[in-house]
Amino acid sequence: MLTKEQKEKYMHLAFEQAKKAEEQGEVPIGAVVVDKDGNVIGEGYNRRELDEDATQHAEMIAIRQACKNLNSWRLVDCSLFITLEPCPMCSGAIINSRLAEVYYGAFDPKAGAAGSVIDLFKVEKFNHHPKIYGGLFRDQAAQMLKDFFREIRRKQKQDK
């Protein structure tokens, strides 16, 4: 079981990843995967626009890196920290990679698959059900997204 301090530490690392995305004009979403010993084994930030690839979500990148670092597709006993509730694609990757726990910040009313739109983690027929903890630093995560999109709209108005 992770301590409150550990959860805060890893969530702040996810925010650092989100800032990298924002600096490159991407939607600021970041993720880190932590093993049972507290080592960061995967990290990623949203790169859909940069890579012109719909699958380049922060979670997908962090999960791929963690699998590579462990030489296994099974991330048993590992935890994922994300700044935004995972979408259906990322939720599928979370389930398939056997992550033990997921902690996320802001809720996603448009594509959230951990309860906001649909809850894929509660589908009984799936063979794995990670523990899900939503709302960790949710205000900070939501504000980061609001500020990003507000700036996009401001620039669009300015360019007209």
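Using the three backbone atoms N, Cα and C, a Cβ is placed for every residue, glycine included.
For His57, Cys87, Cys90, the entry in TrEMBL reads Zn(2+) binding site. Counting only residues at least six positions away in the same chain, the Cβ atoms of His57, Asp108, Ala111, Gly112, Ala113 sit under 8 Å from the Cβ of Cys87 (Zn(2+) binding site).
Taken from TrEMBL, the feature active site, proton donor covers Glu59. Sequence-distant neighbours of Glu59 (active site, proton donor) (same chain, 6+ residues apart, CB-CB distance under 8 A): Ala31, Gly44, Leu80, Ile82, Pro86, Cys90, Ala93, Ile94.
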Determine, for the Zn(2+) site, the additional residues of the same chain whose CB lies within 8 Å of the mean position of the CB atoms of His57, Cys87, Cys90; present them in sequence order.
Ala58, Glu59, Met60, Pro86, Pro88, Met89, Ser91, Ala93, Ala111, Ala113
Around the Cβ of His57 (Zn(2+) binding site), how many other Cβ atoms lie within 10 Å? Please give the count over every shown protein chain.
25
